[in-house]
Amino acid sequence: MSAPAPDPLVVTVEAVDEEFSPTERTPLLGASKEKRITPLPKVQLAIVCLIRVVEPICFQVIFPFINQMLLEVGAAQSEEEVGYAAGVVESVFSIAQLLTVFHWGALSDRIGRKPVLILGCIGSSISAVAFGLSRNFWTLVLTRSLNGMMNGNIAVLKSVVGEISDETNESRAFSFFPMCLNVGILIASFIGGTFGSSKAFPTLTSALPIFETYPYLLPNVLAALLPLIAAVLAAVYLEETLPPKDELKLGYAASDDTLAGSDDGDSMKEETSLKALFTPHINSIMFSFAILSLLGGAQTALQPLFAFTPVRDGGLGFGEKQIGIAMSIRSVATIGVQLLAFPWLQRKVGTLRLFRWLMVLWLPTYLGLPLCNALARTNHPIGVWIGLSTTLFCSAVANMAFVCNLLMTNAAAPSRHLLGAINGYSQVLSSGVRIIGPGGASVLYAVSISKHIWGGNFIWVVVGFIAALGVVSGAMIRDHARAV
């Protein structure tokens, strides 16, 4: 009699093979068992994705116009020096986020995920409006810091996804995050590039004089509306995912008994958990994520700053709308490759090998920009856009490395109880590195241009070296059983 056909909704989870013996560091899951793929709660996941979409909007909306805004408020005396002021404005956001992101997560452990997410959305909206009302450099710094303080939802969102998913569907659930991020960047680029200054809308400024007094209020108000909408929808439809305290205590007690096998399991579990997060394998993944975050953060600041800089000084001389178009091209390309290319490539190539390939693409992402300036000096606008679009496409493909790293991070977790801890580890690391990334890149760019170091190309040498270091970091990650 023939064997029955396998259920298409059943996957086989193999934790070990013939040559692999489990230890206390064996990542996630134990024996070989058949597990059904648990359906994801569609409404809850949709609200989570919406919050992830709107979270970067208030942060990203300023990039098409921030350099011109800094000139108009007197923060910089020339286009060559604007990078210094931009570096400060961009760094204070990351500093504020680094100092508060852990506390938002801890607060959500006490009062619940839902109220913290709603508060974060409202806070982002308030900070965006306050930024648009700023009339001097230090007010810009203060309101940008407020935006960073209120921008801790990403850590809480990861916890929510971890609580509405399990080992059969968490990879799919987490894979929506990068796509949602780039949808938010696309929306922010459109708003910032199209409505960058209300001076372009004389009918509006004559009807509403406040937009004439505060020319950069309009894009910030439009950006602020979206997190408010998300907050209302979350208040109505999002269900609390934090388990009741009695369930948490029961779960921890059971976990302690399982791990320790005795009444003194608490201290043993705590010590084992701490050591398990700092294995060579996890550290190599975190190091590569630090380099990746540095490259991604520098890209966020350098691409619009490079586009804004006059051609004679090494840039492209773009206006606000052209910068917005360029940022939109990158976001559309990123969304496209995430939806169409990544799932197929990840299945065919494997997560780790794909990650290594993608890290190589950061080299043309950065080194292609000075070539675009060379084309701009020949007065060939079509060639400039072809060259720029090529580097932006390389950037979009390279950004898939973030998804790979997220999957490797979750796969490296020693147990499901440490998923939150390992994601917190990576998020704090990312926030810390991004203090250096956007701000440091902007300042270094300004130094390169104003001091004419190596013809203004010193910045590209530095980021090229970091990109090469990223390639090395990918090669350092060992071929782990669940990381590929």
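Placed from the backbone N, Cα and C atoms, the Cβ positions cover glycine too.
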Where TrEMBL places transmembrane segment among the ranges 40-58, 59-77, 116-134: 116-134
Remote residues contacting the transmembrane segment (116-134) - C-beta distance under 8 A, at least 6 residues beyond either end: 51, 54-55, 58-59, 61-62, 73, 104, 107-108, 140, 142-144, 146-147, 149-153, 156-157, 160, 214, 216-221, 223-225, 227-228, 230-231, 234-235, 238
Whether the transmembrane segment (382-407) meets the transmembrane segment (216-238): three or more C-beta pairs under 8 angstroms: no
Interface present between the transmembrane segment (458-477) and the transmembrane segment (173-196) (three or more C-beta pairs under 8 A): no
Distant-in-sequence neighbours of the transmembrane segment (458-477), which means Cβ under 8 A and at least six residues beyond its ends: 281, 284-285, 287-288, 291-292, 294-295, 298, 302, 352, 355-356, 359-360, 362-363, 365-367, 369-370, 408, 441, 444-445, 447-448, 483
Cβ contacts under 8 Å made by the transmembrane segment (357-376) with residues that lie 6+ beyond its boundaries: 288, 292, 295, 299, 302-303, 306, 311, 314-317, 349, 383-384, 387-388, 390-391, 394-395, 397-398, 400-401, 404, 457, 460, 463-464, 467-468, 470-471, 473-474
